[in-house]
Amino acid sequence: MSLTSKLSITDVDLKDKRVLIRVDFNVPLDKNDNTTITNPQRIVGALPTIKYAIDNGAKAVILMSHLGRPDGKKNPKYSLKPVVPKLKELLGRDVIFTEDCVGPEVEETVNKASGGQVILLENLRFHAEEEGSSKDADGNKVKADKDAVAQFRKGLTALGDIYINDAFGTAHRAHSSMVGVDLPQKASGFLVKKELEYFAKALEEPQRPFLAILGGSKVSDKIQLIDNLLPKVNSLIITGGMAFTFKKTLENVKIGSSLFDEAGSKIVGNIIEKAKKHNVKVVLPVDYVTADKFAADAKTGYATDEQGIPDGYMGLDVGEKSVESYKQTIAESKTILWNGPPGVFEMEPFAKATKATLDAAVAAVQNGATVIIGGGDTATVAAKYGAEDKISHVSTGGGASLELLEGKELPGVAALSEKSK
């Protein structure tokens, strides 16, 4: 299955249809009042798909989403109601809110709607049948009843004529709203379509040289990712906390009290062997910004491979020589996939290499390269320095993009209809 062979919203006729869209409105709410949205980015991201459905004559546009982790029970703290005023403001039109996401009353509201009426359903996760489980009073997982799950899925299916999935962030979860809506046409919205197109660009037909930049703390967390990428890439920059496991294991560099992944150290040799087999150039850091504690006000120092990091100090960023070699590798690449920052960028003294890597990535885009940032921390980096629109693609799904890059099939994508040949 190619990632680009799936039916998309532009392939289907929406005129006079009830268009059921799975969106990701899992927005952060102000902890004090629980109704103010602190970052509306996810709502803004869904607007092109919602507007397209309205502009193309949909009878009604029904939006379903989750918010937080209510664990299969109704909880006002996680209501989607606070989204309504923001959505009205952004769309410039009325939005009806339903107090549940399935059932006769919801069906009645949906079936009465016309003229592209937008309807937002209450949180899907108020029902244990959405995720397939709930938690009891002691916090233990309780599996949802199989028949109840089937009924819930039937209830969602009853609300639409066409299903659109625009929630890439949950595409790696086989939840009812992702895989259980049984309509003849199931298509991707613009957000999911863009994600699939860019990941196909990297994983299926990359322009070469193809570079992957991988950070993060543990080698063992990234092993599937590295394994899947090694046969595909031309170069690999290994940075962040996990680089110390490579340096100590392969070159016996003194790493002080830096992160060391015992389990990961056993596979480092295999990774390097596999890289050689596939002619992949592996770039590791050669110098470090060090600190006497994990804090922004730590006493800082500098160490090279030769000196090693002294006892009582840990590496929290890479140094200028490393950055130079990263920049050079980035500049000579045509496709760049970046997953994991080089340093603890949340703390100013250890953000320099991350910022420099981002600048090099932006420069690469300006020179015609494709740069894809794979969600999670690296997406936060792009947002922090206002570079989201200067990168070819910043993924909206941390876990989902990681699973794609590990070579796994995403249930929410697999469930979509194929384009007819």
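Note: Cβ is positioned from N, Cα and C throughout, glycine not excepted.
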Given that Swiss-Prot annotates GLY216, PHE345 as ADP-binding, name the residue from GLY240, GLY319 that shares the site. GLY240
For the AMP site as recorded (LYS218, LYS222, GLY241, GLY315, GLU346), determine the largest distance between any two Cα atoms, in Å, rounded to the nearest integer. 21
Within 10 Å of the Cβ of ASP377 (Mg(2+) binding site), how many other Cβ atoms can you find? Include all protein chains, please. 18
Taking VAL23, ASP24, PHE25, ASN26, GLN41, ARG42, SER65, HIS66, GLY68, ARG69, LEU124, ARG125, HIS172, ARG173 as the record's (2R)-3-phosphoglycerate-binding set, what's the max Cα pairwise distance in Å, rounded to a whole number? 21
So which binding-site residues out of GLN41, GLY216, GLY240, THR378 end up within 10 angstroms of LYS222 (AMP binding site), measuring C-alpha to C-alpha? GLY216
For the binding-site residues GLY68, GLY216, GLY315, which Cβ has the most other Cβ atoms within 10 Å, all shown protein chains included? GLY315
